[in-house]
Amino acid sequence: MSLQEMFRFPMGLLLGSVLLVASAPATLEPPGCSNKEQQVTVSHTYKIDVPKSALVQVDADPQPLSDDGASLLALGEAREEQNIIFRHNIRLQTPQKDCELAGSVQDLLARVKKLEEEMVEMKEQCSAQRCCQGVTDLSRHCSGHGTFSLETCSCHCEEGREGPACERLACPGACSGHGRCVDGRCLCHEPYVGADCGYPACPENCSGHGECVRGVCQCHEDFMSEDCSEKRCPGDCSGHGFCDTGECYCEEGFTGLDCAQVVTPQGLQLLKNTEDSLLVSWEPSSQVDHYLLSYYPLGKELSGKQIQVPKEQHSYEILGLLPGTKYIVTLRNVKNEVSSSPQHLLATTDLAVLGTAWVTDETENSLDVEWENPSTEVDYYKLRYGPMTGQEVAEVTVPKSSDPKSRYDITGLHPGTEYKITVVPMRGELEGKPILLNGRTEIDSPTNVVTDRVTEDTATVSWDPVQAVIDKYVVRYTSADGDTKEMAVHKDESSTVLTGLKPGEAYKVYVWAERGNQGSKKADTNALTEIDSPANLVTDRVTENTATISWDPVQATIDKYVVRYTSADDQETREVLVGKEQSSTVLTGLRPGVEYTVHVWAQKGDRESKKADTNAPTDIDSPKNLVTDRVTENMATVSWDPVQAAIDKYVVRYTSAGGETREVPVGKEQSSTVLTGLRPGMEYMVHVWAQKGDQESKKADTKAQTDIDSPQNLVTDRVTENMATVSWDPVRATIDRYVVRYTSAKDGETREVPVGKEQSSTVLTGLRPGVEYTVHVWAQKGAQESKKADTKAQTDIDSPQNLVTDWVTENTATVSWDPVQATIDRYVVHYTSANGETREVPVGKEQSSTVLTGLRPGMEYTVHVWAQKGNQESKKADTKAQTEIDGPKNLVTDWVTENMATVSWDPVQATIDKYMVRYTSADGETREVPVGKEHSSTVLTGLRPGMEYMVHVWAQKGAQESKKADTKAQTELDPPRNLRPSAVTQSGGILTWTPPSAQIHGYILTYQFPDGTVKEMQLGREDQRFALQGLEQGATYPVSLVAFKGGRRSRNVSTTLSTVGARFPHPSDCSQVQQNSNAASGLYTIYLHGDASRPLQVYCDMETDGGGWIVFQRRNTGQLDFFKRWRSYVEGFGDPMKEFWLGLDKLHNLTTGTPARYEVRVDLQTANESAYAIYDFFQVASSKERYKLTVGKYRGTAGDALTYHNGWKFTTFDRDNDIALSNCALTHHGGWWYKNCHLANPNGRYGETKHSEGVNWEPWKGHEFSIPYVELKIRPHGYSREPVLGRKKRTLRGRLRTF
């Protein structure tokens, strides 16, 4: 329900009530009722306090506050500006007879009651606590298009409306996130259209050659492209090119008008031929899928074969051919399963050569060579041989054998030498192709092999070295049971040690020499090893008088083992024999805690192995007769018989029934110890054992049961006149109950009460006031009792009763009371004024009244009386005493501002109705205001700055007034207002302000530098602005401003001026330069990839399309020749403030190796027109890739010319990287990413109108118009920037675009 509706309903009800009452004399008289009875008036007045923040207009109450009935409004409320007051008066003629049951009266009373309920409800809803914490828009009623909820303090809008007050029309689909909603209509962002901006617009409206379907052009049959502006090409370029104005531009690898043909391969040639193979190669092409190679003997096309060759391969060896035969070889390029025209090659294989040759037999000084005779005619052979390392070559003539093979035995050779052998077939004097092979004579074998220095597992063998050159010797040795090992020995050595031999074993040893895979004959000898000794001798299962020792059995064949053990003190030695099959034995008769040295060795006949040894310390014996005695609540003594062995200490461990464990060491001389820290009433398990080093004896054990503990920290608290509470810390032991006994000190009366075991406090009752009691508490379990804890309990004294005040004057009052029952020392009377002044006086114990003196007039006092005995006090009885009235004192003025002042005074002591304050200006203007009696200060408002006022204050009660107190108040100068910085740059800013209303002499402006330095400026009274200059970049300056007049100053007004700082200390591009608050176009230093060591000066365009562009090319005057060499285009040339080219290397570094994705913009202008093209991706590759260009998707007004150049390398007149037959840079007078040749030629000859030679952008002005202004620029993709404030720099824009 709205506020107006809430007001409307009760008002209607009230009007109905008034009309009903007006007609009452004619309708309210039932039979038997007289009209001459008493008149009764019912008066109701309601006040609703509406917050001043609510938009509800309240008019003054036209009715007087007084009426025949009592008013429900307090004094002063009628003057409040935001009170809504409803009043109705109902006069009823009440007859003498009981007419309460009359129907009309009943109905009227019911309607009046309903009216009251509605008014109460409205008051609650419109209170400051219910009206949504000061919501000020309730009167809008949600603009009539929704429902306001008091529960949520918000509007619930109708469909199609939105806003906090449903004040706006809603747009369909919230404009799909692609537009702005204005008055219920979507204003779409480019390039979106539709009622809800739901889909993008079609480019160029499909150029009239297609239909637009949800943002995509469906072109007519003869047209194509995104905007259907291009004429379709033959066969749609077969899917192997792109169409431009009806002409196909084929992809690499395709050719023809419709791009249907594959480019023919080039450079097919013969690299190598043999009697059965041909190796061919050709120029590689990266634009094919694979190659198709075919070949056949000349004149035998039907026997041809085809081979598919991968595109990465550009040579192939054809195998399995006939000797001396001519072959036709053809090669085709294949792309997308389309084959090119073939390229042909005629090649011939060689004649047959000798078959395989080999060495059939080798000795130390001869080699037998054999080879296969060829199928062709051969007259004889020449055989040449010589050492591989020497120049000496011998030659012999060998006749051709009639057998399929020929052979020759070469003699007189050196042992172990490799020879190079050549067999040449001869026919007449003509040599055929020779066959080569190598042969090596055998190596001589070692002599005088002997064995010496034999141990259990090693033996040394030696020999006389061989004469041949060798790589190494090989030694092989085999045991009697067939175990064989082999080892290599350096060629310069003539002996070696055989390891890993088995003890007591006979070995056969062989030695021979090797070179490569060649080995000499073997020489041999014999070796017999010694017996091994027992290994891994260990001691285990040791007791106090025995020990078991074990060992690994020896490998050799033996008769027995011998064991000898000796005590550490050498008092006893024993020796025992153990069978050869055993590997352990038990040593008996040992003494506890003694270490023994044990030796074990093997025997066979009179031969003995080496001795193995170990140590065997016997166990310590354990303590005996462990007992527990002298047990208390938290400790127990344990004792035992000492052990016999020599030990370091005893260890005692005791564990409670709850699992808590402690462990303590005990000196070796002791045989008892005290266990401490035990818990009362707890059973403990005790273990004791002896230790020596890491050695421990067996554990002895016993049990210990502690006593019950007594209650602790027994205290008395919450003591009254006849009762006291005692409490204690519960015992830790398990008990049945507590017992509490308390005895009076006065007559010895004693009481004893049981308390549950779960309790730790109890209340002692039946006590007498002011008596001391002795209290004992102890715990019980069965017949067992703990020790008794005791404390004292002193009951309180009873307090005085019936305290009253009488005989009050301005400065005295008499108080009296009934005396207490307890024995006391005195009474104490304590009285405190309303302002906190306190006095305290003692009164004799026989008295029951006293006079309070030194009171202040008109002051209320609180009086307390209580009894004392020693340090003990009774409860306090209290009453009030009120003295008579006086006037205000100490009137002072403080907290004076330019338009207000606070006056304060000492409040009067008397009870008053209010204070009155009157203040008069120096020119006679007077105001008088009432102040509540509770206040002792007030604020004088509506004062004028710089004015003196006379202030009077007095108290009132009814018609009575106190004397007037007076003082003076001088208002302050008002300060300047609205101090604000503006036009802030990196080095300064403008400060502006509004002057004060007071008459002043001038201003003082103060500002502080970052280093703490303060500068002060005095300005004239007419100044309203000041320019701060020479400030530091990115710094904050506190600024304050005061007005002054003579020696008086106004309040400070302050602000801060923060100069523009650099967000990016090392900006990597112009977008970051712009974000450093540089708003003007011009030369700036950027840093490649943000690296401070790689600065680069560039021209930044801060204006075009939000700015942030790095300009890398400009043509606008024609004064700079762009027909440059490769090196110039790589490094860059020209003046960035005029015409220039930034450089390919810089473009590569800017657009690669960085997370930023760059877009490129081309701006074109003539004298009367302008156009632009933007591509959402731009990248220049490295020099290795000839600075290949990559661009993304196009948008703009100039037409798409760069997509044609996408993926192509840069070309200059001295570096041709295009695919045209001629050099495009040479024929088109520039440097560019030419293909075959261009649709864009920004670096062409300035002003040239010949076809394709000028500064062209073909989609905009064609090939025969030279564009007078071109600018190429890049920035991060998607970057946008609202205009920024900053230091303006001079721009070249006007001059750069002057043709």
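Glycine too: its Cβ is placed from the backbone N, Cα and C atoms.
Look at Swiss-Prot and you will find 1-28 tagged as signal peptide, backed by sequence analysis.
If you look up Swiss-Prot, you'll see 167-198 marked as domain 'EGF-like 1'. Taking Cβ pairs closer than 8 Å, the domain 'EGF-like 1' (167-198) reaches residues 140, 143, 145, 157, 159-161, 215 in its own chain, all 6 or more past its ends.
According to Swiss-Prot, the feature disulfide bond maps to C171-C181 (among others), an assignment based on sequence analysis. Counting every protein chain shown, 17 other Cβ atoms lie within 10 Å of the Cβ of C181 (disulfide bond).
Under DSSP, C186 (disulfide bond) is assigned to a strand (E or B) in the three-state scheme. Counted within 10 Å of its Cβ, the other Cβ atoms near C186 (disulfide bond) come to 23, all protein chains included. The disulfide bond feature in Swiss-Prot is assigned to C175-C186 (among others); the stated evidence is sequence analysis.
Annotation source Swiss-Prot lists disulfide bond at C188-C197 (among others).
Summarising the annotation, Swiss-Prot assigns disulfide bond to C202-C212 (among others). Within the same chain, residues at least six positions away from C202 (disulfide bond) with a Cβ under 8 Å of its Cβ are C212, G215, V216, C217, D227. For the recorded site, C202 (disulfide bond), the DSSP three-state label reads coil.
Marked as disulfide bond by Swiss-Prot on the basis of sequence analysis: C206-C217 (among others). Around the Cβ of C206 (disulfide bond), the same chain contributes C212, C217, Q218, C219, D227, C228, each under 8 angstroms and 6 or more positions distant in sequence.
Residues or ranges marked as disulfide bond by Swiss-Prot: C219-C228 (among others). A 10 Å cutoff on Cβ-Cβ distances gives C219 (disulfide bond) a total of 19 other Cβ atoms nearby, all chains included.
According to its DSSP assignment, C243 (disulfide bond) is in a strand. Using a 10 Å radius centred on the Cβ of C243 (disulfide bond) and all shown protein chains, the other Cβ atoms total 20. The annotation disulfide bond is assigned in Swiss-Prot to C233-C243 (among others).
For C248 (disulfide bond), the number of other Cβ atoms no farther than 10 Å from its own Cβ, over all displayed protein chains, is 23. If you look up Swiss-Prot, you'll see C237-C248 (among others) marked as disulfide bond.
The disulfide bond annotation in Swiss-Prot covers C250-C259 (among others), and the record cites sequence analysis as its basis. There are 24 other Cβ atoms within 10 Å of the Cβ belonging to C259 (disulfide bond).
The domain 'Fibronectin type-III 1' annotation in Swiss-Prot covers 264-352 and rests on sequence analysis.
Residues or ranges marked as domain 'Fibronectin type-III 7' in Swiss-Prot: 801-886.
Feature annotation from Swiss-Prot assigns domain 'Fibronectin type-III 8' to 887-976. On the 0 to 100 pLDDT scale, the domain 'Fibronectin type-III 8' (887-976) averages 89 in the predicted structure.
As annotated by Swiss-Prot, domain 'Fibronectin type-III 9' applies to 977-1063.
Feature annotation from Swiss-Prot assigns N-linked glycosylation site to N1149. For N1149 (N-linked glycosylation site), the same-chain residues lying six or more positions away in sequence with a CB closer than 8 A to its CB are L1088, H1089, R1094.
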*asked:* In whole Å, how far does the CA atom of C171 (disulfide bond) lie from that of C186 (disulfide bond)?
replied: 6
*How many Å lie between the Cα of C250 (disulfide bond) and the Cα of C197 (disulfide bond)?*
39
_What are the sequence-distant neighbours of C188 (disulfide bond), meaning same chain, six or more residues apart, C-beta distance under 8 angstroms?_
C175, H178, G179, G194, C197
*C181, C186, C248 screened against C233 (disulfide bond), Cα within 10 Å - retained disulfide-bonded residues*: C248
_Summarise the domain 'Fibronectin type-III 7' (801-886) as counts of helix, strand and coil residues per DSSP._
0 helix, 49 strand, 37 coil
*Between the disulfide-bonded residues C181, C186, C237, C259, which lies closest to C243 (disulfide bond), Cα to Cα?*
C237
*Does DSSP give C197 (disulfide bond) helix, strand or coil?*
coil
*If one measures from the C-alpha of C248 (disulfide bond) to the C-alpha of C259 (disulfide bond), what distance in angstrom results, rounded to a whole number?*
7
*List which of the disulfide-bonded residues C181, C186, C237 have their Cα within 10 Å of the Cα of C259 (disulfide bond), in sequence order.*
C237
*What kind of secondary structure is C237 (disulfide bond) part of, going by DSSP in three states?*
helix
*Reduced to three states, what secondary structure does DSSP give C248 (disulfide bond)?*
strand
